[in-house]
Amino acid sequence: MIIGVLAIQGDVEEHEEAIKKAGYEAKKVKRVEDLEGIDALIIPGGESTAIGKLMKKYGLLEKIKNSNLPILGTCAGMVLLSKGTGINQILLELMDITVKRNAYGRQVDSFEKEIEFKDLGKVYGVFIRAPVVDKILSDDVEVIARDGDKIVGVKQGKYMALSFHPELSEDGYKVYKYFVENCVKK
């Protein structure tokens, strides 16, 4: 199985390492033609407005939107998968959620902690200017991770979105296995 990592911005190498640790092959996706031959795509963290603009500029936005690929979005990737953020920005709008950007504050407010993750128990989450799910717009959306009363992980069909960075934790590879089992192979 080949999992592509959108390589426009963010911690691409860390995602590639976590994918390999989970037992899959990783491939950088920088251009439209790089989408060929992948079984799923990861949209990493970074700055969501910049990633959205660059995806549009490089022709990736519509291609990804219409690709039917299973997608895991982390941090900014969650924002890009959402239907809205309260500001005008380019989004894929593939998941029936709205998000609050930077819900935990600024860069200096970043933190790490264990969170509850469906079927995995406790998973270590790294939160960096992280968003949270503000509203769930459909019964098709399933909450899979929480930080107290905050929704930090959701799944809808072949799409999964996380507020945190699983690629930055030792046990994060389990989240990639969960994504493959619950979104890619379904």
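Placement of Cβ uses the backbone N, Cα and C atoms for every residue, glycine included.
Per Swiss-Prot, the feature L-glutamine binding site maps to Gly46, Glu47, Ser48, Arg101, Ile128, Arg129; the stated evidence is sequence analysis. Under the heading active site, nucleophile, Swiss-Prot lists Cys75. Summarising the annotation, Swiss-Prot assigns active site, charge relay system to His165, Glu167.
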Shell of the L-glutamine site beyond Gly46, Glu47, Ser48, Arg101, Ile128, Arg129, same chain only (C-beta within 8 angstroms of their C-beta centre): Gly45, Cys75, Ala76, Val79, Asn102, Pro131
Nearest-integer angstrom distance between the alpha carbons (Cα) of Ser48 (L-glutamine binding site) and His165 (active site, charge relay system): 14
Cα separation, His165 (active site, charge relay system) to Ile128 (L-glutamine binding site) (Å, whole number): 8
Nearest of the active-site residues (Cys75, His165, Glu167) to Arg129 (L-glutamine binding site) - Cα to Cα: Cys75
Integer Cα-Cα distance in angstrom, Glu167 (active site, charge relay system) to the residue listed as 'active site, nucleophile': 11
Cβ atoms near Cys75 (active site, nucleophile) (within 10 Å, other residues, all chains): 27
Separation of alpha carbons, Cys75 (active site, nucleophile) and His165 (active site, charge relay system) (Å): 7
Chain-internal residues, separated by at least six, CB under 8 A from Glu47 (L-glutamine binding site): Gln9, Ala76
Reduced DSSP assignment, Glu167 (active site, charge relay system): helix
Max CA-CA distance, Å, over listed L-glutamine-binding residues Gly46, Glu47, Ser48, Arg101, Ile128, Arg129: 13
Whole-number Å value for how far the residue listed as 'active site, nucleophile' lies from Gly46 (L-glutamine binding site) (Cα to Cα): 8
